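Worksheet: one structure, shown below.
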There are 4 protein chains.
Amino acid sequence: MSFNTFGHMFRVTTFGESHGVAIGCVVDGCPPNLRFTIEEVQAALDRRRPGQSRFTTQRREPDEVKVLSGTLPHPEGGLVTTGTPIALLIENVDQRSKDYADIAGAYRPGHADFTYDIKYGIRDHRGGGRSSARETATRVAAGAIAAKVLPGVTVRGAVVRIGKIEIDRSRWDWDEVGNNPFFCPDPGTVPLFEEYLDGIRKAGSSVGAVVELVAEGVPPGLGAPLYAKLDGDLAAALMGINAAKGVEIGEGFNAARLTGEQNADEMRLGNEGRPHFLANHAGGILGGISTGAPIVARFAVKPTSSILTPRQTVDRSGHETEIFTKGRHDPCVGIRAVPVGEAMVWCVLADHLLRHRGQVGQSPAWPFPQG
Amino acid sequence: MSFNTFGHMFRVTTFGESHGVAIGCVVDGCPPNLRFTIEEVQAALDRRRPGQSRFTTQRREPDEVKVLSGTLPHPEGGLVTTGTPIALLIENVDQRSKDYADIAGAYRPGHADFTYDIKYGIRDHRGGGRSSARETATRVAAGAIAAKVLPGVTVRGAVVRIGKIEIDRSRWDWDEVGNNPFFCPDPGTVPLFEEYLDGIRKAGSSVGAVVELVAEGVPPGLGAPLYAKLDGDLAAALMGINAAKGVEIGEGFNAARLTGEQNADEMRLGNEGRPHFLANHAGGILGGISTGAPIVARFAVKPTSSILTPRQTVDRSGHETEIFTKGRHDPCVGIRAVPVGEAMVWCVLADHLLRHRGQVGQSPAWPFPQG
Amino acid sequence: MSFNTFGHMFRVTTFGESHGVAIGCVVDGCPPNLRFTIEEVQAALDRRRPGQSRFTTQRREPDEVKVLSGTLPHPEGGLVTTGTPIALLIENVDQRSKDYADIAGAYRPGHADFTYDIKYGIRDHRGGGRSSARETATRVAAGAIAAKVLPGVTVRGAVVRIGKIEIDRSRWDWDEVGNNPFFCPDPGTVPLFEEYLDGIRKAGSSVGAVVELVAEGVPPGLGAPLYAKLDGDLAAALMGINAAKGVEIGEGFNAARLTGEQNADEMRLGNEGRPHFLANHAGGILGGISTGAPIVARFAVKPTSSILTPRQTVDRSGHETEIFTKGRHDPCVGIRAVPVGEAMVWCVLADHLLRHRGQVGQSPAWPFPQG
Amino acid sequence: MSFNTFGHMFRVTTFGESHGVAIGCVVDGCPPNLRFTIEEVQAALDRRRPGQSRFTTQRREPDEVKVLSGTLPHPEGGLVTTGTPIALLIENVDQRSKDYADIAGAYRPGHADFTYDIKYGIRDHRGGGRSSARETATRVAAGAIAAKVLPGVTVRGAVVRIGKIEIDRSRWDWDEVGNNPFFCPDPGTVPLFEEYLDGIRKAGSSVGAVVELVAEGVPPGLGAPLYAKLDGDLAAALMGINAAKGVEIGEGFNAARLTGEQNADEMRLGNEGRPHFLANHAGGILGGISTGAPIVARFAVKPTSSILTPRQTVDRSGHETEIFTKGRHDPCVGIRAVPVGEAMVWCVLADHLLRHRGQVGQSPAWPFPQG
């Protein structure tokens, strides 16, 4: 049972509201004797931090992370985990709540205002409370720890669509992702995104996006059939990201259009007699368990709900009214969702590695003897 | 932690393999004093049962369900829940394992054969073991119990795409769904599905599908922010269905193409001063919590992996080989996924209703006083 | 969250009422490739089975167990686990419900009748429903599977007190436990138990008992600090046995009378440089984690509540009345609790072994290199 | 699955080591709209705080608690819960780690040093790390929040035994508990405790204790049969307190000495036709469910393991050595366990109230109509 925890063996419990004292998380179940540095966690946070370009909210937050527990200084520098819970804290410093004063009563369409109020009968109206994108910083910090559980694995994300513009996959270059403010892997599409988003931003509008995540080096055997499927847990994790409205693995929705012949990932033996797949329609997961091929997942992010155009709504007192949002917001919240998506994948994979080791008694291995 | 359980307060643990003695489930946490009949559970199972048309596998399974515990006879007929765990059992009767004898060693592309073997080092090769679509019968039975937790709610599913053919949504008629072997809500598309699938079937091929699920009458307030989001749990539940490769809520992936203005669900006051939404791009969920509008979810099902065309693969002994599948299989496994999807939605909603009542202390209610 | 599940990685979900169709359990998370035989499970059940002497209830229950799932025949005989859920079923055959007909309305003191009614508003009055000692058969079956997870470990139980009679620990002989109907390790006390319990039985009375459990060969390192303490989980497991009212580890309540000097378990190096303890006041657990010394736990069982002497009570209709119980009952239910306690210890240890392997990445080992 | 979380619906996750930056907890699942003040939480912490008499450790810790999230200011003062996770933080200020420098390598008998090292291969040797009594401050803070979930309920604790001295229960007076440094309810025993503990303290020795907890006003119906028994969860919670070695409910271990007649809690109708019990051997729990009578639990605390007398032990390097402890320690750690025990009872009851409301759909009520 959990409301604010994800994971089973590698468990992350997050807390904090956008405009409260602090946000943070507790990482429980992390294996002992893993080395990491605060700088590594901070670097992950910095990738997600707003205010780095004109395409993200201008809210300034240093997002400086503190490690409160669960580690010891490593003799050779940095920290080492001890197996006890690791608490990470990020203080809120730019809490400009006054922007929100006049919207306390009216329900912003697309936001969780109405549903929080109806569920709890009370709501922290400042900046979306728990539903603020700010909460995702804690996941990114946790993801940086999770990555240490998975040596040899890489998890990378990219924006593959903003609004009506899709990248050209034939030009995919992971090295380009860090060279533009969109996490775009296709340099040819960058100027198109730029021009399009500038228009959106100036109009006080917003637009949706699709993020693609690829995990490479994941050993085969992670996951479980049916209710602990690796893809099921990824789906929950990615749908749990703010504003996510869809998740797919491998071919995803396109698989519905294919025949069995088209969708088959045939197998051959490759280097060292190791089985490999001639295609990866499955996105690296079969029957809920990783195949050893790259895990490919995508999630769709809806347009930021806060826009300048007035929209019809109702308020807490039961009156009809209009609303538009003046606060500082991302024209395309999907962009900053990239590091969040990566972090969720790290956490899910770490969790499943520990679960696998627990049930099976050893880390997963390739099946055939290798030369 | 769970491998074969879903839900938190309303918990379903399933067991059994396709070709073992029996399959079944234990429904734990079900509220007491709910009346139901075995006939109702059986009727739900019968909707899913194979062999009802030439478009589903010809495996004959009466799927007769027995209630082993957790109920008492109700004085006025049928059963009544007592609050203790309800065990449901379905014996396997048509276990034609010999069909599978020659494929024991070779990994069928698209199946979980390879991943089970690599994970567990052992595998029930008969009919897919736990990954067989047969397991889903237990979920359908559990869903029939879950429905009793939610009086006033309806959950209905339909096939909206088979391969390249999509229905015309303007002709949507729920009453048509039971009139054709495809759970198709658009009578105009039925002949197209029929002709298309006949071709697929005769060619020994298969094709994917998209299933849409709509829950109406769901009170606002179910769900929770972030890691117990109603949409997150639906995503996990639907991705947990065999062969599912994608899940979306409301606009889903299309939301990535929209602007904030297009995607806004504006609100007005309606009958009895009750707030309502002028659109439902959100699919009935905001910030992880139900809005009171219909919950709309879709999932994509890949084509059945068992096809007659030989495919390249490897076997347990580490040799390259070819395989094709002679067993009885569905040309489009997405069709029979409709009752399974409905059952998963019932279970998720029941679970969230109980969780909500627990935390908040009462069932959710509309916020404004109603005349 | 669980109502009828125990364990986290090694999870047992039980179902069934005393006088229903069947009782059973689902063992989920069991590692693959463990061999066992139905005969082994049956033998464990037979140790617990009633009607074997005049000191246990005369209810006749063959308690024949069936394995429904999660295994394959092992080529060399018996079964082998596959890593999928193992369902075990025991049909009820001697459901003499008429014994209970006249007590349907009156609350039997010491029984759960009143509390079930007040909680659920409905109750299976036949034989105690879920609270019947009969349910414990399913735990014993699960414990027999759990034992396979722990090669090299032995778990044994014994009755050390019946009513006012305590055994003489200086005469403790494990081999004697199977030679008398009391699971008594002290042959000198057996005739005293016999005479005492004969008197109790003939008077239609009942009496309590204390059961001691000892697990040997448990590797050091199982458990976790604070909320997953091995002793905390043992306490919950043993207190979860019907009629248990107290649990203690090592010195237990006697530790309150000792000084720090008296209670200290000093350490020396022994064979092969392996650290060992010069005493075991701790009962094999320090800080929630196993030390490698024998784990010693005791639990107190209250006298069977069903007695022939009339007792004052009230009934469902809100009237005062009297009740006495004619059904077949154990004069000392603590006796048959021995195999149940052993089973709970097996399950807790199996669970913690899997959890340890998951978090730490390997099975626990002695700390110092051994010659 | 949890290592550092307790509870299911009302969930408390704690973090922090004795000599780290801070300790704290996250309370998740707390119902919304509960008012409390920081002063109330602080008052609970102050009862547990060390250094208040010569009978507790002289470590000075202001234990100032901060609320980081999950609340809003209440218009009429204090705070109000919002239904989101409540993070509580206590910074460590008196981290005199040098006291521990020379014991880093040697395993202190009775402490978790050896087991942590063998489990994790690494250990925060300063002050016991997670196993330090300091961690219990976070539970006390969480318990103060839990108390708000249970209006009308009182939970009180008292020391009923220190070493060989037991209180005289006929003189029990709850009002006396706050008047002496022992939480002793019997004024006649206070001078005996005082003299006895002064001797223990001056000798650099330590001694065990028994704590009794009584919860009054608990509605009948909380708990569940078998694996979510209220007594099972209390047992785990109390055994989870540092140095606890035994737990009992009602008659506890004494029940083993009684006959069914002696142990029967007969029932009559009392005020307003409400059923009541003529005795409370059961300690307020039958079949795992609360009866409405006071819940009575006791736990035994072993003597503080840190003593001045040298003890034989081994060290990390695999050598035999001697150790004695110079740090500041409680001569009877059982005394300060009283507020911790109370807090655990609050948390368990809050958790079960929420679970009950979830499954049954309403708060528990007395069964018969009352005038």
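Start at 1 and count along the chain as shown; that gives each residue its number.
Note: Cβ is positioned from N, Cα and C throughout, glycine not excepted.
Look at TrEMBL and you will find C:ARG48, C:ARG54 tagged as NADP(+) binding site. The secondary structure of C:ARG54 (NADP(+) binding site), as reduced to three states from DSSP, is coil rather than helix or strand.
The DSSP secondary structure for C:SER306 (FMN binding site) is coil. Every protein chain considered, the tally of other Cβ atoms within 10 Å of the Cβ of C:SER306 (FMN binding site) stands at 25. TrEMBL lists C:ARG130, C:SER131, C:SER132, C:ASN242, C:ALA243, C:GLY287, C:LYS302, C:PRO303, C:THR304, C:SER305, C:SER306, C:ARG328 with the feature FMN binding site.
Across the structure, C:ARG130 (FMN binding site) and C:ARG48 (NADP(+) binding site) are spaced 17 Å apart at their Cα atoms. Contact annotation for chain D: of the listed binding-site residues (C:ARG48, C:ARG54, C:SER132, C:THR304), C:THR304 place their CB atoms under 8 A from a CB atom of that chain. Cβ packing within 10 Å was compared across the binding-site residues C:ARG48, C:ARG54, C:ARG130, C:LYS302, and the lowest neighbour count falls to C:ARG54.
Note on the binding-site residues C:SER132, C:THR304: the fewest other CB atoms within 10 A surround the CB of C:SER132.
Following the DSSP three-state reduction, the secondary structure of C:ARG130 (FMN binding site) is helix. Under 8 Å, Cβ to Cβ, and six or more positions away along its own chain, C:ALA243 (FMN binding site) finds C:ALA133, C:VAL301, C:LYS302, C:THR304, C:SER305, C:VAL333, C:GLY334, C:ALA337. Taking 8 Å as the upper bound (exclusive) on CB-CB distance to chain B, the binding-site residues C:ARG48, C:ARG130, C:SER132, C:ALA243, C:LYS302, C:THR304 give C:ARG130 in sequence order. DSSP gives C:ALA243 (FMN binding site) a coil state; it is part of no helix or strand.
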